[in-house]
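Here's the feature list from Swiss-Prot:
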- 18-41: disulfide bond (DISULFID)
- 27-46: disulfide bond (DISULFID)
- 31-48: disulfide bond (DISULFID)
- 4-67: domain 'LCN-type CS-alpha/beta' (DOMAIN)
């Protein structure tokens, strides 16, 4: 069965390019920033499993998941 997910977008609205297909540490980090625990390189772009529409764009993901108290003094 296919696992749902999405290609996350960076600050410019582009997908994250990757060269090492499959297991990819860069993509895993990117997916964690976008609020999900796992992703990999597929068709030369990072794919994040279970990435919801609301977190595809990096700015939305940061707003939804950031816990930086300097950016968000009241916490998130």
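Even glycines carry a Cβ here, placed using N, Cα and C.
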Tally the residues of the domain 'LCN-type CS-alpha/beta' (4-67) by DSSP class, grouping H, G and I as helix, E and B as strand, and everything else as coil.
20 helix, 16 strand, 28 coil
If you draw a 10 Å sphere around the Cβ of residue 18 (disulfide bond), how many other Cβ atoms fall inside it, taking every protein chain shown into account?
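Neighbour count, Cβ to Cβ under the 10 Å cut-off: 21.
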For 27, 31, 41, 46, 48, listed as disulfide-bonded residues, tell me which one has the smallest number of other Cβ atoms within 10 Å.
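Sparsest of the disulfide-bonded residues 27, 31, 41, 46, 48 by Cβ contacts within 10 Å: 41.
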Given the disulfide-bonded residues 18, 41, 46, tell me which ones have a C-alpha lying within 10 Å of the C-alpha of residue 31 (disulfide bond).
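Of 18, 41, 46, within range: 46.
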Would you kindly give the Cα-Cα distance separating residue 18 (disulfide bond) and residue 46 (disulfide bond), rounded to the nearest Å?
6
Using Cα coordinates, what distance in whole Å links residue 27 (disulfide bond) and residue 48 (disulfide bond)?
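One finds 8 Å between the Cα atoms of these residues.
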